[in-house]
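Trainee: Once you've had a glance at the structure underneath, I'll fire off some questions.
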């Protein structure tokens, strides 16, 4: 029943958001695309100019690039596996009747609200420090050699920290979904003599499918751009052992001033994110139709 | 008989859940405990009982000027959220109450901007900020945080506004209310809870943002994310101070977070899971 007047008013109300986001998306990205075909170094302006695809070739031929792609994927997939499987188990546990459920929930969700630098530094220093950390104290208590986590298993250490940050998110979403499962259905299945395992496989898991998809998609967006956790712990090292794609691009751009290569890396990151975004959008779009 | 099984079941579930929950919460708990130790105590080995000194809190302020960074965090997160709301409320409003064929596409496109990796635009943004003199300025970072959270704000508000029944609007129109009258007197009171939840979640997200706040600030506009990161330099072990600073940095957000669990689920899943 919208009149012409309300329609144009509606357009006016949407304009600021649309224009801002359009500018924010198009202008910097256009710059990056342009830079990715340029030789550009702010410290050495003499050799600037168009260089075709050579930045991309340089980036691809850099051993750090392959390492960073592998690390990025390892980081994303490992954290997803830990948080989704751990999240399902934890959600099933928290869904049981118990005393103090509200308080348990508060404890479990808390790590999600801890800012990344705090999470990473607390784990690095107070838990995983080879000399004074809690893990080292525990190892010595059991008569074992303390592990120098960030020197021996740099990427795994970061995976552990990031999984700790995101496990609460997965748990919370899955628990919310679990609580919307029809109790009568569960009882009916129980009366029909369905065992715990078959009830989980044929009733609970299909019900959770939607929430699991959401968890995987949302987390992937954030996990593809992990940055602060690496910066304050390993700084990408030793070597490139814990460098992911965002961190490599940051190093190229702001530490080495190889703007062309950094921009090529940025465009590759965009392509990677777009593959994920495609699935997110399809999912969100379907959800909007209901 | 069923009763007995239930009680046993409940006891086992309670014990298991509490153990797991305490393990997950342990790093935060240990940070709070360590913040009440002296530096010497902090590296003396595992201990859950601090001496209760508050010297670390005093030193974090005296030596490193903690409050300046805390204030920046408050200004940046609240400022960017308020700015985002001013821009997003009319947009979400229009999309919820005068939807057109393209509304869905616009929403989807807005969401897609959220998926652009920050590193892809790191250098252009850095360059633009430098040339406009916005590096390390509160205004620059506020606008930046507003932009990266704007899509989520629009989406969240949209999902809340859409639940306001349209009949109320029609009734108001029959009574001769103008469009602005409708908005101010009829719908705003109904929209307040949704706007409040959106605000809460976005303050949390902005407070914890740790890419742009680290790269575009140095001192003047640096919030707590940058302050805490400065503890990563290997200039010595200042764990009690790190713990005190961390405790202060996460406490307000942790408490806000506990109150916003539902909104968090809703906001971050774009209304797909409620």
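Here the Cβ of each residue, glycine as well, is placed from N, Cα and C on the backbone.
In case it's useful when we look at the structure, here is the feature table from TrEMBL:
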- B:70-260: domain 'ABC transmembrane type-1' (DOMAIN)
- B:12-33: transmembrane segment (TRANSMEM)
- B:69-94: transmembrane segment (TRANSMEM)
- B:106-129: transmembrane segment (TRANSMEM)
- B:141-161: transmembrane segment (TRANSMEM)
- B:182-207: transmembrane segment (TRANSMEM)
- B:238-259: transmembrane segment (TRANSMEM)
Trainee: Could you tell me what the rest of the chain brings near the transmembrane segment (B:106-129), counting residues at least six beyond its ends with Cβ under 8 Å?
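Mentor: Same-chain residues near the transmembrane segment (B:106-129) but 6 or more away: 95, 135, 140, 144, 148, 150-152, 154-155, 158, 211-212, 215-216, 270.
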Trainee: If you count Cβ pairs under 8 Å, which stretch among B:12-33, B:69-94, B:182-207, B:238-259 touches the transmembrane segment (B:141-161) the most?
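Mentor: Ranked by Cβ pairs under 8 Å, first place goes to B:69-94.
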Trainee: Take the transmembrane segment (B:238-259) and find every residue of the same chain, 6 or more past its ends, with a Cβ under 8 Å from one of its Cβ atoms.
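Mentor: Same-chain residues near the transmembrane segment (B:238-259) but 6 or more away: 28, 31-35, 37-39, 41-43, 55-57, 59-60, 63-64, 66, 70, 73, 200, 203-204, 207-208, 224, 227-228, 231.
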